Amino acid sequence: MSEELALENLEHVETSVPHTVFSHANSAPRGKFRSLTLINWNGFFARTFDLDELVTTLSGGNGAGKSTTMAGFVTALIPDLTLLHFRNTTEAGATSGSRDKGLHGKLRPGVCYAALDTINSRNQRVIVGARLQQVAGRDKKVDIKTFSIQGLNLAENPTTIFTDVVNERQARVLTLNELKEKIEQAGAQFKQYHSITDYHAMMFDLGIIPKRLRSSSDRSKFYKLIEASLYGGISSAITRSLRDYLLPENLGVRKAFQDMESALRENRMTLEAIKVTQADRDLFKHLITETSNYVASDYMRHANERRGNIESAVRFRQDWYRARTEQHLSQQRLVELSREAAELAENEKTLEVDHQSAVDYLNLVLNALRHQEKIARYQDDVAEITARLEEQKMVVETATEQLEESQVQVEQVEQEVDQIRAQLADYQQALDAQQTRALQYQQAIAALEKAKTLCGLADLGVKNVEAYHDEFAAHAESLTEQVLELEQRMSISDAAKSQFDKAYQLVCKVAGEIPRSTAFEQAKVLLRDYPTQKVQAQQTSQLRAKLHELEQRYAQQQSAVRLLKEFNQRANVSLEDAEALEAYHAEQEALLEDVSAELSEQVEQRSTLRQKREQLSALYQDNAKKAPAWLTAQAALERLQDQSGETFADSQDVMQFMQAQLVKERELTIERDQLEQQRQQLEAQISRLSQPDGSEDARLNVLAERFGGVLLSELYDDVPIEDAPYFSALYGPARHAIVVRDLDAVKGQLAQLEECPDDLYLIEGDPTAFDDSVLSAQELAHGVVVQVSDRELRYSKFPEIPLFGRAAREQYLEALQQQRDDVTEQHAQRAFDVQKCQRLHEHFSQFVGLHLALAFQPNPEDVMAEIQQQRNEIERELNQFVTTEQQLRIQLDYAKEKMQLLNKLIPQLNLIADESLIDRVEECREQLDIAEQDELFIRQYGATLSQLEPIANTLQSDPEHYERLKADYEQAISQQKQVQQRLFALADVLQRKAHFAYEERVQTENTDLNEQLRAKLDSLQQQREVQKAQLQQKQQQFTNYNRVYIELQTSFNNKMQMLQELLQEVGELGVRADQGAEERAKQRRDELHQVLSDTRQRRHYVEKQLTLIESEAQSLNARIRKAERDYKTQRELVVAAKVSWCVVMRLSRGSDVEKRLNRREFAYLSADELRSMSDKALGALRTAVADNEYLRDSLRLSEDNRKPENKVRFFIAVYQHLRERIRQDIIKTDDPIDAIEQMEIELSRLTDELTRREQKLAISSESVANIMRKTIQREQNRIRMLNQGLQNIAFGQVKSVRLVVNIRDTHAMLLDALSGTQEEYQDLFTDQRMTFSEAIAKLYQRLNPHIDMGQRTAQTIGEELLDYRNYLDLEVEVYRGADGWLRAESGALSTGEAIGTGMSILLMVVQSWEEESRRIRGKDIVPCRLLFLDEAARLDAKSISTLFELCERLDMQLLIAAPENISPEKGTTYKLVRKIAGNQEHVHVVGLRGFGATA
């Protein structure tokens, strides 16, 4: 609440509420209501009432708040505003239409709560309640929201949960959201419910209410029970509908009946659908057949007409094209002749130019011949001068070498003479010893100094001069050896270098300037070709003669080829070789003979061809008659191949496949029968396990009913699935036993039994309280050991399929049903396969009987096509005969002209056949060119190559180290001169050594030396004179040789210059001047002159032919115009029909019906026959579609022959209409044609299958009667058990209360009729037009004609008759005083007796609900039991004590309201006193315990 309210004074309960423990049949304790909390109610701001485990009494005066407290409890229990209506027992004239139901006035403004604190069998604390709040307005509405709280500690006070303390005297009521936050903070679970159904489902699952309240009717029953308890008495609302309260609805049996009836209904509907489908099949066949005939005949008639128009158009087009071809050929010939005339004119001009060129060429050849003679003379001169020039050059070189040697010798002699003269002069000055001694001494000293200077020896002296002299002498000797070696190497290199240079110069002279490194390779090339060139040069004259001869033959061949070309052009042939010419000549010779013979043969051949054409026409007609039947056979064969998925090449394949189908059918039939047997076994097993008590033997049920007992399996029908194997093994073979109350009473009946199992077990016991503790058993891992007696043990294993426990049977039933469904599906598939095989075999049998003889014969249409082709060829041949004669005459004229040309060509055939002549001419010409080039080369360089040949090998190694060797030699000479000068200086000192000591002896020696020098000087002077004379002689010789060489060189250059000029002039002329050139040029000129005259004659002939062709072109143009006009007229017809035909083709192909319409067998019918067929089909279709507006309109539109596409649209409409009528639950295809085929296969199978299914699904009237009796018996036993708890109840004069269950007489008659064998009633259950519910309703009406059924249908009445509750009358009776057992009615009982009796009835209802709900609630949950009683003052103290004893015995809580003068001795009593303090009002509560006992 938003405002704060004063907190009421809460008095503590003076005595604690006792906790009484009750023993229950179940092991779990029963749930209890712990307290009731009211927040912000009228008079109660925050009050919690702790509830006693037995009786809680609210004591107080009028208006103390007792009814308000009970209203809060009921509101928390059933928060449904459509049901809540609080009034007291004194309220009169209260109606349900009152706006205020009593709840709005009991609340205060703001948030209000009504909550119940409970603890269930699981020791879980659960607080459930409702948040209430007044809604402003005149309607006095109340807003209710339900919630639950779980997980709170038991010590938590409910009052503190819903309020928030502000101070010591004030508190605030929490809103629902604040309450949720507070609970979540405390760690508990808060849940709000948006529907009363969810709220009650939670209360049921947790054991707060005894019954699951699924709907508003269930809530209404619960509220009426509470209301009846609250106000007391025997409630007529409950007693009138006591069956609904006490007897549970047998949903399983009812649903089983409904499922079976639904299956039967569906089965019968399917059978009706099959019958409709069979009618549809006939309709399909009729519509498809007539529509196909109607549309396909018109389709093929238009196709035939279109084909005929196209053939006519093609024929006209061929005539047109043939005329155009002739025109084209004529124009082509005109063009060719025009081109030929132009070419001839052009050739004529060209030949004139060529003829003039030939004349000019002859002049050039003559001029070239004159130049060639000069060239030959100059070439001879040049060759001669070249040879002399080479010889003279060698002479000059030899003279040059000799001159150089002489000059060297003269220079050496001059040097020696000068040295001797110098020595003589030196010695001449020292002749006088006295005069020269000092001079000699000084000279010796000077020589010594000079030696020191030259030798670079500072320590040189007289003593060591000899040693130094020896050293320098040895050095000079080694240098001399080195110089000699270098001189030797120089001489060798000088010779090699001279030969290499000479050879290199020769190579450069021939090949031009080339690198020294490639000189040898070039020399090898030149020398390799040199012998061949010499041979070629020698053959030049022979080659010229050969070339002249070949050119003459070639000119003759060209003349023959031109003649052959002219012949080919005129004869319009392309003969290239002699063989062809000879063959053509023979052909032309035979042509004249053959023409006459061929003309005579044509008559005979024409008659033969005409006879053959007639035979082919007869054969064509035979095949045309056979073609429709063959096409029909092929269509049937294709259908069989499509159906079977096989390809048949011949009739043997068909027969083999039929045999294989028979084998396959037998195998499938065996599989189908096996599956049917397996299915029957499964259904039998399912039927046995589906019995309500699980009995597999129906005789046991009869015996149990006869003995008044119950099957043991029925007693254990509710055991859990995990305990079922244990109990089944516990009883072993006795699990099929019958539990009876008295064995002695049954023993007398055993001898009279006729139908009885081999072993019948009877167990004495109370079926209502049967206990298995009499058996001594021990449970093992896989079974149970039972001590039967002291000397007998029985061990029973746990069965896989336990008899006990509905849950175990249902689980196994699910597996069996799934297995049965799988087997049923497989059986249906095998049955379908069998039907398919049978149908396929039937189709094959029909095919063998009707079409096998034709199906595998050759295609008549292919044969007809071949015949037509042969006929066309014959027609062409006959047409050719017409033109052959004219062609032969033309050939004869041509042949004569050709023979004249051939006579000219025949002698020259060998020449024409010589194809290699031109090659040989070219080859010879090339050889001559090469020979002439070689001849010129040999003339120019023959002598040079002769000189090069012996010394060419010197070019292999280039003496390129010669210069370095020369440098080394000069260096060695220089070193030798230096060493010799030093040695000479040392020798001079050594010679002057004696001057230092022996002056006289030296003088004597000098004199001798002087004489020797003079003698040597004279000898050298003589030698010098001789050398000078020789040198002068060699110089004169060299001058003469050199002059001759220069003269030869000048002459060679002049000759070569003139030769080059002549060669250049000949080259500029561009002709070859050989011996036959002049003759060839003259022959060429004469030939061109002849060709020119022939060309002029041909041109005149061609111009005449052109004039003739132009005159024939006019008649050909008129023929072309006529043919074109006929073709275009026919083509317009084809094009006009093509538009609608394209629409027809597009529709047929787009809708996939072209194959249905293109009936090839109709192509052989005439237009009248097809039109007649279409008209007949149209009449049949008008009748067939008279009831279908859409098809009737489509058919009417299709009758317009100007639009054939409408017929295709009608076919598509029929096709679509039939496709929509296909039963997809039976036929798995969209194609009506295939649907017809599948119908044939499927309908018979489905009919048999559904007939068998209906027989199995059919509900037996006897079985229904047995089920009803069994269910009634079970409920009678249950009511009997409930009566046991009411036997000792006494209220006033009422000593006992009981429930009486009786079967209505009308319904008993019905059960007897159902289980009887009266034939008069069997017509109702064998009528397949009625369901079982309708049949049982009809039977009820027959048995009870006096009962008015009202407006209810038979189906509704039958469904009510399948509910066992409608068979029973349930009444409450009391045993009262001397009256005995009386029907419990309020008028016959006092108020207290009525209240006690009504409370007893309510306890029976609650207990019945608990038993009914035990199967769907947790096994460890025992629900709370609590009833109300307002105004308990209507009962006396003894009745109240009896009520308290009943509560204690049934472990039930009771909440009563009593005035202040009522003080129960047991339970908890709350004293309620309403107090008013100022403007505030509250109820003062004091709790007491049993104060009456202490008074």
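Using the three backbone atoms N, Cα and C, a Cβ is placed for every residue, glycine included.
Feature list (source: Swiss-Prot):
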BINDING   Gly60, Gly61, Asn62, Gly63, Ala64, Gly65, Lys66, Ser67  ATP binding site
COILED    322-693  coiled coil
REGION    692-809  region 'Flexible hinge'
COILED    861-1140  coiled coil
COILED    1233-1289  coiled coil
Residues with Cβ closer than 8 Å to the Cβ of Gly63 (ATP binding site), same chain and 6+ apart in sequence?
Arg1474
For Gly63 (ATP binding site): DSSP state (helix, strand, coil):
coil
Check the binding-site residues Gly60, Gly65 for other C-beta atoms within 10 angstroms of each C-beta and report the one with the most.
Gly65
Least Cβ-crowded entry, counting other Cβ within 10 Å, from the binding-site residues listed as Gly61, Asn62, Ala64, Ser67:
Asn62
Cβ-centroid neighbours of ATP site Gly60, Gly61, Asn62, Gly63, Ala64, Gly65, Lys66, Ser67, 8 Å, sequence order:
Ala1457, Leu1472, Arg1474
I'd like the per-state residue tally for the region 'Flexible hinge' (692-809) from DSSP, helix first, then strand, then coil.
39 helix, 25 strand, 54 coil
Within 10 Å of the Cβ of Lys66 (ATP binding site), how many other Cβ atoms are there?
26
